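**Student:** One structure follows; several queries about it will come next.
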Amino acid sequence: MFTTALAQRENTQLGELPLDLFAAIQSLKKELNAVILAHYYQEPDIQDIADFIGDSLQLARAAEKTNADVIVFAGVHFMAETAKILNPDKLVLLPDLNAGCSLADSCPPEAFAAFKAAHPDHLVVSYINCSADIKAMSDIICTSSNAVKIVQQIPKEQPIIFAPDRNLGRYVMEQTGRDLVLWQGSCVVHETFSEKKIVQLKIAHPEAEAIAHPECESSVLRHASFIGSTAALLKYCQNSPTKEFIVATEPGIIHQMQKLAPDKHFIPAPPMNNCACNECPFMRLNTLEKLYWAMKNRTPEITMLEDIRLAALRPMQRMLEMSV
């Protein structure tokens, strides 16, 4: 039987919120010896109060190195799980346990176990955007920052399963020339961008560069002058002489882009429908208020079975070793 994370889903919110949430959270950080780790897709207030902001690889490294007793993870469930995998003795809190991930959910453990059994000679490289159960069935974990680098280090004669993101897998295939067996999972946000609307934006803004995350579909990626992880996109915008960018990833990252390059203009790539579908609904579940209550009540906590944690730790460690 597969068990991902056993978590306390009660987050009892008693009493009134303090008038100055920022000050109250800073006070709780000292009291708990806590660190707040936040992904680039979080709301601006959470990014501004976080001790560390990063992409999945940066956050995994920060979680591995922290001396804090409590890790408050402002991200989604698999990210908090990753912190727990690397820090079994620390209290890991997630402000809202319903902050899941459509990509992680697209790879059910039972179905993936059967898929893996059908390819017994294959090495399993799994994108970090997956559950602890999938990590436990993997040989190496990767992120969008290092996926190409990791696959390039695997002997060419070794067949590979790449899971769960088919778009990132396809991008890795193009960059490495390797033939990968792809699990057909995807991120609903990165598959919602409209190629037609991006082309229209490029016509309306001829000086703008389109940049994209490799989780996007190939029809979107072909219009991008730069493709990279969230951290790579940030660095590119900061260093490029271009003054205007069309950004094909979750628009939460634009907050950091504007802070790092205040003289530049960033246009979020539009979705196919007239909706806010380019915003991750799971990332948006975390709020400053929920972060405060999580620290105040020390719940919801991420826990998992030790055998799952140990099995998931090995491919995580291999990733960190191969990413030096």
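Here, residue 1 is simply the first one shown, and the rest follow in order.
Each residue, glycine too, has its Cβ placed from N, Cα and C.
According to Swiss-Prot, the protein has these features:
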BINDING   HIS39, SER56, TYR127, ILE128, ASN129, SER144, HIS213, PRO214, GLU215, THR230  iminosuccinate binding site
BINDING   CYS101, CYS187, CYS280  [4Fe-4S] cluster binding site
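Distances, neighbours, how buried they are, the whole picture for these features please.
**Tutor:** A coil conformation is recorded for ASN129 (iminosuccinate binding site) in the three-state DSSP classification, outside any helix or strand.
Non-local contacts of CYS280 ([4Fe-4S] cluster binding site) by the CB criterion (under 8 A, 6+ apart in sequence, same chain) comprise TYR41, VAL76, VAL189, GLU250, GLY252.
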**Student:** Once the DSSP letters are reduced so that anything not helix or strand counts as coil, what is HIS39 (iminosuccinate binding site)?
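**Tutor:** Once the DSSP labels are grouped into three classes, HIS39 (iminosuccinate binding site) ends up as strand.
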**Student:** For TYR127 (iminosuccinate binding site), which residues of its chain lie six or more apart in sequence with Cβ-Cβ distance below 8 Å?
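**Tutor:** Listed in sequence order, they are LEU103, ILE141, CYS142, THR143, SER144, ALA147, PHE162, ALA163, PRO164, ASP165, LEU168.
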**Student:** Other residues with Cβ within 8 Å of the Cβ centroid of CYS101, CYS187, CYS280 at the [4Fe-4S] cluster site?
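**Tutor:** Same chain, not in CYS101, CYS187, CYS280, Cβ within 8 Å: VAL76, SER102, LEU103, ALA104, ASN129, VAL188, VAL189, HIS190, GLU250, PHE282, MET283.
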**Student:** Give the residue from the binding-site residues HIS39, HIS213 that has the most other Cβ atoms within 10 Å of its Cβ, counting over every protein chain displayed.
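**Tutor:** Checking each of HIS39, HIS213, the winner is HIS213.
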